[in-house]
Amino acid sequence: MVTTAILSAFGVSAKNPTDGTPVVVKNLLSVEGLHWFLPNVIKNFSGFAPLGAILALVLGAGLAERVGLLPALMVKMASHVNARYASYMVLFIAFFSHISSDAALVIMPPMGALIFLAVGRHPVAGLLAAIAGVGCGFTANLLIVTTDVLLSGISTEAAAAFNPQMHVSVIDNWYFMASSVVVLTIVGGLITDKIIEPRLGQWQGNSDEKLQTLTESQRFGLRIAGVVSLLFIAAIALMVIPQNGILRDPINHTVMPSPFIKGIVPLIILFFFVVSLAYGIATRTIRRQADLPHLMIEPMKEMAGFIVMVFPLAQFVAMFNWSNMGKFIAVGLTDILESSGLSGIPAFVGLALLSSFLCMFIASGSAIWSILAPIFVPMFMLLGFHPAFAQILFRIADSSVLPLAPVSPFVPLFLGFLQRYKPDAKLGTYYSLVLPYPLIFLVVWLLMLLAWYLVGLPIGPGISPRLS
């Protein structure tokens, strides 16, 4: 706020390269700024793009977790693990578990250790592989999850500074992130087998812990949920695949854009609700109608911290946009990069490294992106990149260093899991063991994105790295 007052007082401006108009910073500490801010405080909060979609998605995914569908599905996947491929299976299950958001960071590490114990391998290796999957690869997903909704909303808000019509959809990173699951599963498995486990030696300890087995009721519930899932997908396909499908564009009969693409989040929520309801009734987790609201209320309680955090974030983003600070900095940085010849690959590597550095000291990835997006999204748009491409760079950086961040609330939790099998382990022990994953993941992931960019592959449905 003080910066806007100083820049405004000296009449500092920058030239918008897209239309040549001057970008002038507005003073947030002025009477005009006060007159704008007070009537818009509530509007800034309620209109914050990701808020409604995130809360709605938690209703669906949270119900799936509370009725026991997601935990049962992960146990089912883990029960068919071969010792030789245990590392790859643990990592793949960990990537899949992102559908349960932060709960995956609590559930998967112990499960990874138990899977390795069950097949006669070192449990610490399984623990670390799971941490790599849920931590270093936190934003790599096969399905659309809350992270996609949250970050795309922030990116859309930031892109509006230069193009109010620009919209970053929840599926704009999907092709790249889904492919990342395959690549990182292979890379993480090789790290576990070739680097981590040889350092640990032979497991000599004793543990009474065993991998959970499914009850007959849970197995029946999964079968019912599977059938309902197929029926739901078939019903959606019938509304999308035919040329005259009712979820296609009503005028051009295209899939992109269409009500199907624009309504992907509500469809995902409906899918979770229907399948969870089927599983809950089959397993008698849901016995009467009154159980359903209770099961949906519980995950919403856990969102209280997120809602509180969104309030200042929404004000920050709105003030950044109104004052033109984001646009001013973006134009200035763009000029510097272009004059120095660093407007291509070095620019997006620089964003990734800066994001990684900040993620080491700020616990919330969404908070960091709320700070960086108003600057870097417009800057990358000026350089000719799609906002969704800048978003991918942040996702790579944010995920890769998560298990290393000293401010992360999950690092002490991971250390506690490690001490179950290495009672003398200290924080330094944890860092020395887990370090290969963040370093290698960050390098491989950036190289993968570089190759993706150079080849010109779409990063999401109809979305290229560069703006057309």
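Glycine is no exception: its Cβ is also placed from the backbone N, Cα and C atoms.
Residues of the same chain lying 6 or more positions beyond the ends of the transmembrane segment (45-64) and with a Cβ under 8 Å from any Cβ of it are 70, 99-101, 145-146, 149-154, 156-157, 170, 265-266, 268-273, 275-277, 279-280, 292, 295-296, 298-300, 302-303, 306-307, 310-311, 313-315, 317, 366. Taken from TrEMBL, the feature transmembrane segment applies to 45-64 (among others).
The transmembrane segment feature in TrEMBL is assigned to 85-107 (among others). Tertiary proximity for the transmembrane segment (85-107) is limited to same-chain residues at least six positions away from its ends with a CB under 8 Å from its CB atoms, namely 58, 61, 64-65, 70-71, 74, 77-78, 115-116, 119, 121, 125-126, 129-130, 132-135, 137-143, 145-147, 181, 184-186, 188-189, 192-193, 197, 410, 413.
According to TrEMBL, the feature transmembrane segment maps to 174-192 (among others). Listed as Cβ neighbours of the transmembrane segment (174-192) (distance under 8 Å, sequence separation of 6 or more from its ends, same chain) are residues 85, 87-88, 91-92, 95, 125, 128-129, 132-133, 136-137, 139-142, 144, 148, 392, 395, 436-437, 440-441, 444-445, 448-449, 452, 457-461.
Feature annotation from TrEMBL assigns transmembrane segment to 220-241 (among others).
Beyond its flanks by at least six residues, the transmembrane segment (261-282) meets 53, 56-57, 59-61, 63-64, 67-69, 72, 143-144, 149, 169-171, 217, 220-222, 224-225, 227-229, 232, 236, 247, 255, 291-292, 295, 461 of its own chain at Cβ-Cβ distances under 8 Å. Positions annotated as transmembrane segment by TrEMBL: 261-282 (among others).
Taken from TrEMBL, the feature transmembrane segment applies to 303-322 (among others).
Per TrEMBL, the feature transmembrane segment maps to 342-363 (among others).
According to TrEMBL, the transmembrane segment annotation covers 375-394 (among others).
Among the features that TrEMBL reports, transmembrane segment is placed at 400-418 (among others).
Below 8 angstroms of C-beta separation, residues 124, 128, 131-132, 135-137, 176, 179-180, 183-184, 187-188, 191, 195-196, 199, 345, 348-349, 352, 356, 389, 392-393, 396-397, 399-404, 411, 414-415, 418, 465 of the same chain, each at least six residues beyond the ends of the transmembrane segment (430-455), sit close to that stretch. The annotation transmembrane segment is assigned in TrEMBL to 430-455 (among others).
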